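Notes to accompany the following structure.
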Amino acid sequence: MANSAKAEEYEKMSLEQAKASVNSETESSFNINENTTASGTGLSEKTSVCRQVDIARKRKEFEDDLVKESSSCGKDTPSKKRKLDPEIVPEEKDCGDAEGNSKKRKRETEDVPKDKSSTGDGTQNKRKIALEDVPEKQKNLEEGHSSTVAAHYNELQEVGLEKRSQSRIFYLRNFNNWMKSVLIGEFLEKVRQKKKRDITVLDLGCGKGGDLLKWKKGRINKLVCTDIADVSVKQCQQRYEDMKNRRDSEYIFSAEFITADSSKELLIDKFRDPQMCFDICSCQFVCHYSFESYEQADMMLRNACERLSPGGYFIGTTPNSFELIRRLEASETESFGNEIYTVKFQKKGDYPLFGCKYDFNLEGVVDVPEFLVYFPLLNEMAKKYNMKLVYKKTFLEFYEEKIKNNENKMLLKRMQALEPYPANESSKLVSEKVDDYEHAAKYMKNSQVRLPLGTLSKSEWEATSIYLVFAFEKQQ
């Protein structure tokens, strides 16, 4: 409890220092005390020229206390955190042969994380930023990073349901998709309680339209889809047209589609109706691309929040910078991961608030540069657009909270977001590594449970547990 209280106070201090960074003309950075172990969580910022000495000293004392306690506080590693629910399992009839399973797998929508927004030179509210911590070569790569991200997603090939169902990360992608579905559904309901009709949504970084069905099920009236990748936007539009033209299709929202870099271009200049307001802006697995610079992050936030109606929400999913750096510092090299995902930084120990680049690779899905999103900084920057943070949870926390709801639990089954364990005699587990299911085997041995269990492999959980969900509300 003492460690938890200190961590909470520590987070508040991080927020104050992020605020100092936004208001000053000095680019700051955050780091982990060099004595931090794998289980430690002691993140800090380098003292900036505008920071008071006593705050920095107090923060250092915090770090020392957190590091000392981290080794004995029993903090779970990603592999130990995996929660098993014996009730969250597919029906027995769904555990037939592998080919049968592939044909039966009907998912709500394409569930590849849509990391489509990108980077560029923001022009709004520019400020001077000291770039001593950023190599000279990196300063000149803004356009290159933007082009790299757009090219990557433009070149991704569409694959059928059959092939996707055979993917090593089939359940991981379904699990991430379930997380988005629950988040979107919950905040659509909040909007509907305030506004009975005519709900308008901005999908910032829409990709190929993986969330279109979610918006349809949410009974919205208008959707604006925008993405940096032109090919992805065209595929998204085609998917929408296919949904609209189905004979048995119910009423579907109206939509417009925009190819633009949301960290470089002002979206209202491209809307059919520049005065249009939104009830929700959804930014799923995207906003980290904009944190190459302050200007880019600010432009992304302006696009996301400026046209939100009072009481509207900016919701999303993004990597948890604290978790990324914790794993990095626990690694013996500048990278970490497993056979599913890898994260590679340029160096340890120095993490600027903007432009802290790392390369992220997820098997067959993502292989592009990303940037750390220091969440206290995002929170502070959002205040400029009259936004208040109303919800933030790690994927683990979000799962544990939402799985208690029976509707969410049933949706988890329908979307096949957890893998049946043990596998049926006619099928096999997605991972061939025995230790990937040690947690499930142990749980099954020590508990009276109904089989099969529903779980993710250890490798998949390590990949998905680097993320968090968030929601900001537009104030009056």
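Cβ coordinates are placed from backbone N, Cα and C, and glycine is handled just like the others.
As written in Swiss-Prot, here are the features:
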BINDING   Lys180, Gly205, Asp227, Asp261, Gln284, Tyr289  S-adenosyl-L-methionine binding site
COMPBIAS  20-50  compositional bias 'Polar residues'
DOMAIN    167-475  domain 'mRNA cap 0 methyltransferase'
MOD_RES   Ser24  phosphoserine
MOD_RES   Ser28  phosphoserine
MOD_RES   Ser29  phosphoserine
MOD_RES   Ser118  phosphoserine
REGION    1-146  region 'Disordered'
SITE      Lys208  site 'mRNA cap binding'
SITE      Lys214  site 'mRNA cap binding'
SITE      Arg239  site 'mRNA cap binding'
SITE      His288  site 'mRNA cap binding'
SITE      Glu370  site 'mRNA cap binding'
SITE      Tyr467  site 'mRNA cap binding'
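Taking only the Cα positions, the spacing between Asp227 (S-adenosyl-L-methionine binding site) and Arg239 (site 'mRNA cap binding') is 15 angstrom.
A separation of roughly 16 Å, to the nearest angstrom, links the Cα atoms of Arg239 (site 'mRNA cap binding') and Gly205 (S-adenosyl-L-methionine binding site). Between the listed recorded positions, namely Tyr289, Tyr467, the fewest other CB atoms within 10 angstroms of a CB are found at Tyr467.
Within 10 Å of Lys180 (S-adenosyl-L-methionine binding site), counting C-alpha to C-alpha distances, fall the following of the recorded sites Lys208, Lys214, His288, Glu370: Lys214.
For the pair Tyr289 (S-adenosyl-L-methionine binding site) and Tyr467 (site 'mRNA cap binding'), the C-alpha distance works out to 14 angstrom. Straight-line distance linking the Cα atoms of His288 (site 'mRNA cap binding') and Asp261 (S-adenosyl-L-methionine binding site), rounded to a whole number, equals 13 Å. Here the recorded positions are Lys180, Lys214, Arg239, and the one whose Cβ sees the fewest other Cβ atoms within 10 Å is Arg239. Residue environment of Lys208 (site 'mRNA cap binding') contains 26 other Cβ atoms, counted within 10 Å of its Cβ in all protein chains. Counting in whole angstrom, Asp261 (S-adenosyl-L-methionine binding site) lies 24 from Lys214 (site 'mRNA cap binding') by their C-alpha atoms.
Ranking the recorded positions Asp227, Asp261, Glu370 by C-beta neighbours within 10 Å puts Asp227 at the top. For His288 (site 'mRNA cap binding'), the count of additional Cβ atoms within 10 Å of its Cβ stands at 26 [all protein chains shown]. Take the Cα of Tyr467 (site 'mRNA cap binding') and measure to each of the recorded positions Lys208, Lys214, Gln284, Glu370: the nearest one is Gln284.
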